[in-house]
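Per Swiss-Prot, the features are as follows:
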- 11-31: transmembrane segment (TRANSMEM)
- 81-101: transmembrane segment (TRANSMEM)
- 114-134: transmembrane segment (TRANSMEM)
- 154-174: transmembrane segment (TRANSMEM)
- 187-207: transmembrane segment (TRANSMEM)
- 238-258: transmembrane segment (TRANSMEM)
- 270-290: transmembrane segment (TRANSMEM)
- 307-327: transmembrane segment (TRANSMEM)
Amino acid sequence: MTWFTPEVIDVILTVIKAIVILLAVVVAGALLSFVERRLLGWWQDRYGPNRVGPFGMFQIAADMLKMFFKEDWTPPFADKVIFTLAPVVAMSALLIAFAIIPITPTWGVADLNIGLLFFFAMAGLSVYAVLFAGWSSNNKFALLGSLRASAQTVSYEVFMGLALMGIVVQVGSFNMRDIVEYQAQNLWFIIPQFFGFCTFFIAGVAVTHRHPFDQPEAEQELADGYHIEYAGMKWGMFFVGEYIGIILISALLVTLFFGGWHGPFGILPQLSFVWFALKTAFFILLFILLRASIPRPRYDQVMDFSWKFCLPLTLINLLVTAAIVLWNTPAVAVQ
């Protein structure tokens with residue numbers, strides 16, 4: 001009797017895929033910080049990082065070395081266990097959420113029938129990480145930043161979920177691969193669910209606390225917010241986690257609204273990974289462009305925008321989608 005049964009081999013291959021994908025996401029998140037700084041320098045007509053290596057390409061390695069050798073300091077009056085746990089939860093929740101993304105027809109960590117619900121469960125965990133960081137730091141700026149972040153995230157996650165319910169109503173499934181295959185046979189959801197796409201994209205920027213929704217860490221008001229007391233590798237986990245969040249939301253936008261790994265009109269299906277990577281890179285660049293071009297609004301304006309504009313628009317989109325699906329569904333006679 002051998003240990004290497006087909007079931008065991010499938011488990012081993014799944015674990016290998018998970019390790020490769022998650023390591024690639026972490027490396028991409030670290031590299032994205034360099035890409036953002038270079039693009040911001042280009043768009044703002046100035047030099048970006050250009051001292052370390054050719055074209056500054058080794059700047060990220062220098063930053064990582066500096067971060068690694070910095071003192072791993074913990075405030076004396078902080079709750080040390082929760083203070084240490086917060087960055088671990090923040091980064092782990094984002095990496096685990098990435099497990100549901102089908103990158104190609106054969107590459108993906110988990111094919112869950114509750115894929116979308118799993119994503120929202122992991123997104124909810126990130127709220128706890130921010131609260132842990134703010135409360136355990138024993139710093140008023142950190143606490144205020146964490147309260148802002150939790151209120152903003154919870155508010156925008158409400159209609160983030162409602163924005164995707166129109167897709168679920170049309171497909172009849174929470175499975176990510178089912179959603180991608182439905183788009184291959186029909187229109188990409190960017191067309192029938194355009195308003196759902198707009199509200200989901202806005203919510204994605206807000207949930208990742210990216211500019212212009214970076215109120216929880218507004219330097220002018222809160223002195224860097226909930227991670228003001230963090231240094232060294234703990235701060236680095238928050239820093240890289242933010243870029244992993246950008247990659248996650250961009251990959252979700254591609255999967256849910258732009259056909260996933262499929263090219264436009266089914267062109268070159270053998271280049272599934274290339275299509276997925278190109279579309280994801282486009283949205284990552286859009287995240288960076290928002291930082292370079294839009295001013296930061298006041299916090300009350302951010303919250304009013306979510307409840308008074310985005311939520312009604314999302315509800316109208318969901319109701320119209322449900323009405324159209326019911327209208328096109330043939331009636332079933334009751335025996």
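Positions of Cβ are set from backbone N, Cα and C atoms, glycine also.
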Original post:
Given the transmembrane segment (81-101), which of the listed stretches 11-31, 114-134, 154-174, 270-290, 307-327 has the most Cβ pairs that are under 8 Å apart from it?
Top reply: 114-134
**OP:** Counting only CB pairs under 8 A, let me know which of 11-31, 114-134, 187-207, 238-258, 270-290 has the most with the transmembrane segment (307-327).
**Re:** 187-207
Original post:
In the same chain, which residue numbers or ranges, 6 or more beyond the ends of the transmembrane segment (114-134), come under 8 angstroms Cβ to Cβ?
Top reply: 82-83, 85-87, 89-90, 93-94, 96-97, 100, 142-147, 149-150, 153-154, 157, 160-161, 164, 168, 174-176, 207, 216, 225-227, 230, 238, 245, 252
